[in-house]
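**Student:** Features from TrEMBL:
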| type | residues | note |
| --- | --- | --- |
| COMPBIAS | B:445-464 | compositional bias 'Basic and acidic residues' |
| REGION | B:439-464 | region 'Disordered' |
| TRANSMEM | B:12-28 | transmembrane segment |
| TRANSMEM | B:40-62 | transmembrane segment |
| TRANSMEM | B:68-86 | transmembrane segment |
| TRANSMEM | B:93-112 | transmembrane segment |
| TRANSMEM | B:124-141 | transmembrane segment |
| TRANSMEM | B:153-173 | transmembrane segment |
| TRANSMEM | B:179-201 | transmembrane segment |
| TRANSMEM | B:213-230 | transmembrane segment |
| TRANSMEM | B:256-275 | transmembrane segment |
| TRANSMEM | B:343-364 | transmembrane segment |
| TRANSMEM | B:373-394 | transmembrane segment |
| TRANSMEM | B:406-424 | transmembrane segment |
Amino acid sequence: MEAGAGDNKNKRHTLNVETSVIAYVFLALFLALTAYFVYFMVFKSEDFINNPANPRVKGFEKLVTRGEIKAADGTILAQTVTSNGKEVRQYPKGREYAHVVGYNTNGMSGIESDASFYMLRTHSFLLNRVVNDLKGEKNPGDNVVTTIDSKLQSRAYYGMGQYHGAVVAIDCNTGGILSMVSKPDFEPGSVTANWKSLTTSQDSVLINRATQGLYPPGSTFKVITVLSYLKNGGKLTDTFDCRGSYTQDGYTIHCFDGEVHGHQTLSQAFANSCNVAFSQIGLSLPKGALKRTAEQFLINKSIPSKISNINKSRFTLKNSDPKALVMQTSIGQGNTLVTPLQMASICEAIANNGTLKAPFVVDHIENDSGRLVRKFDTQSQKLCSAKDASTLKNLMRYVVTNGTGRVVNTSSYTAYGKTGTAEFSSNKREAHSWFIGFAQKGRKKIAVAVIMEKGGAGSSHAAPLAKSLFDTYLR
Amino acid sequence: MLHLVTEISRLTFIVIFAVYTYDCFAALKRHTSEKREKRLYSQQTSMIYLFLINGNLLLFFNNSDTKIFAMGLAEIVFVTIAMIIYKKIYEMASPAVVNNMCMLLSIGFIMLTRLNQAKALRQLLFACIALIITCFVPLFLGNVKLIKSLKLFYIVAGILLLAVVAAVGATTYGAKINIQIGSIAIQPSEFVKILMVLFIACMLTNDISRKQVFKTVVLCCLMILILAYSKDLGNAMIFFLTLLVMIYAATQKPSYLLYGVLLFAAAAVLGYFAFSHVRTRVTAWKDPLSVVNSAGYQICQSLFAIGSGGWFGTGLYQGMPKRIPVVDTDFIFSAISEELGGLFALCLIFICIANFLMMFNIALKINNRFYKLIALGLGSLYASQVFTTLGGVTKFIPSTGVTLPLISYGGSSLMATMLLFAMVEGLYQYRGVKEETDETQNYEDTYRRQMENERSGQDGSWRR
């Protein structure tokens, strides 16, 4: 024991305990650094690699032939072919997929931009790669398989006709985007040639209206107003009297087309899209309540999606705002602006008992011979309770069976929806035609948002197109 | 064809460095027989040569420039001479330290040649000069009296040098770091670090009274404040950590560590609210992509590089490391990770870990308290510098811009680090030296006096 005591004294004298402590502290710091480095490489690096500000992605083009973009059924939407020793990017489906697929030049857009990194990586068979390297040839890049349903896309695209506007359709079971159309469109293969006219056009042709278009929601916003009302003490059986118009502080709100709805319950007022009832509802809500409900549905917030360039929908209503603005805001006019993707996401969440499965369009990456390289994780976010979702479902069902959405009603599947006619200028004849909703048949569920600019009443233009989408998908 | 060679090389680089790293840790293990150790070290040496040959061949294939061929040869000659000299001068030299120094220098040479040939050549010249200078380190280290007599010089020179930089230094990336003399930019803080370690060791070897500790802390903090004033936050942090470690070790009081951490936290919070440039760096650290075109540009470029390179790297010349600002100095780790691969970068981290562990290990073996403190201080200096730079470029901590020892371009940094390595080797050589009797006496006296003070203090309070 004597020796032990001597050792101790010696240790104290020689500072060995302190030296060890210091060594271990530094070692711990470095191990944490190492662990973080590994964590970054495995989980975080992708966010950085895919960032458009990363100059490297373009550099891969020297070694790899850009991969293809495909619809869910394998239809080729974009491919690179070599003619006369020059690589050309072709878009076999052209304008139909212009915005969702995007273009590969002039700063890129759509999937061409978002998935650029993957298309310039190669997971081709190793031996192929060695042979290609020896021959000095490029390797084939990986292919991007999207969630787009080519039949639905074609129906949506041609259904829009000459109207400007957008269609978004989402598979409620996954969050996968089945169709995304924006009009007016452009020829993606000749963006460079037409760059000047495309960028200077009055119609903002290059803007993807489905994700970036900010429209007044019109009556489709009543989905939010009605939930806000019910959460703040309102009941479905509350009654309202509609005489066709309602005046407060010298401002008068009319029901659409001068209709008079008379005595009606809340459900009926929602189904009839009664502006008078909803103006009264808006005025009765506590301050800030409408904003809270709107933000609960991600208005003013970001939709959790890997699709880039999604505009945030906007809602503002200050406590000091006059009654006129409160009334307008409650019926979806005022300063509120939403994207079609926003409204489709809200419908998807309602269809999913309040949980939003984050919308995405790139399903997986495969190599040139079709072997899976990478499947992407899906995220989800709770937007409202299952009870609230079920209430909204019933209300939206009633719109289809007894209200402004009757044109969608059919016995072959169960449809839910809300129409909207959004005024955007003082010219009341020019209004945007909206339909948002979802439909179910067995396990198949689809949510849609359709907007036709200057299409007039939602029930007459947007709703029939939505129905044809439901018909196509749920056949 | 060139592409295929590059593809194969990126694997051989990783294999060579992985074998090297394995050898390094296998030799570090406690119960390694001398024979096995010898074998491991000679295998390490072959790996250094293989790495240099592989790297230079690839550089040559890519540039077909005969100058690269000549430089490659010069590098091999340099490494050989360095190993011979160190074995000659330091009779009991630790081969592990020499090997690691040569390996890291080689990585620096190859990477710098790829990034900027002219700078690589200058780096090689600096390394040669440093090699000559470091030959005299053992002479200096052997003369304890001389080292101790220069106590005042260390601190006065340190403070003056830093003050000169703060006053007339050239501003690079917002911080004043260099003094420009003719065409040469000198970075005094790299040398002042070592002066500080010597100063603290002189101050606290024989006297660890509260007053003496206070004096040491005040004088060193003056240097740290000057660095903070020059906005050289990275070095301020390195100085502070080293000071803290040495105070703790010399006094053997863990409470100093606690005070130090509290002081550091307070300074960090104060700095955050008082200085906009501190806030900018924290913003860039928290979410660099949101400020990718302003404050976060540099760190984003670094992470783009590291991420895009992946585990196996893009291969030399296949990445875009030049997009990263100051890639050849502060951000060279990102370039290495991009082109040589994340696995290579991991091995690099491990070698740095091995380096400071060896330094602390040497400190453990030294009997002489003065030398021990110096070894400890140098080890902490190295560890905190590597941690600051690697943590910064990988976004583990906010980026502060300090060099990666032995790899980053820069004469001052290279010379100071080689000096540091040489001093550690020298100390290893003197590990057996006992303290002179009178010194031991002194130390013992102080120790006894202090214990008595403590005891009487306790008694006093007990009586009351």
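Each residue, glycine too, has its Cβ placed from N, Cα and C.
Because TrEMBL annotations are produced automatically, they should be read as predictions rather than curated entries.
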**Student:** Who are the chain neighbours of the transmembrane segment (B:68-86) in space, where the CB to CB distance is under 8 Å and they lie at least 6 residues beyond its ends?
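**Tutor:** Those are 45, 48-49, 52-53, 55-57, 59-60, 93, 98-99, 101-102, 105-106, 109, 113, 117, 120-121, 124, 127-128, 131, 135, 425, in sequence order.
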**Student:** Give the nonlocal contacts of the transmembrane segment (B:406-424) in its own chain as ranges (CB under 8 Å, at least six residues past its ends).
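**Tutor:** Non-local partners: 97, 101, 104-105, 107-108, 111-112, 116, 119-120, 122-123, 126-127, 129-131, 133-134, 137, 141, 184, 186-188, 190-191, 193-194, 328-330, 332-333, 336, 358-359, 362, 374-375, 378-379, 381-382, 389.
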**Student:** Cβ pairs under 8 Å with the transmembrane segment (B:343-364): which stretch of B:40-62, B:93-112, B:213-230 has the most?
**Tutor:** B:93-112
**Student:** Let me spell it out: take the transmembrane segment (B:213-230), skip the flanking residues so only those 6+ beyond its ends count, and list any with a Cβ under 8 Å from a Cβ in it.
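**Tutor:** Residues packing against the transmembrane segment (B:213-230) from afar: 155, 158-159, 162-163, 165-166, 169, 175-177, 189, 192, 196, 199-200, 203-204, 236, 239-240, 243, 247, 250-251, 256, 271.
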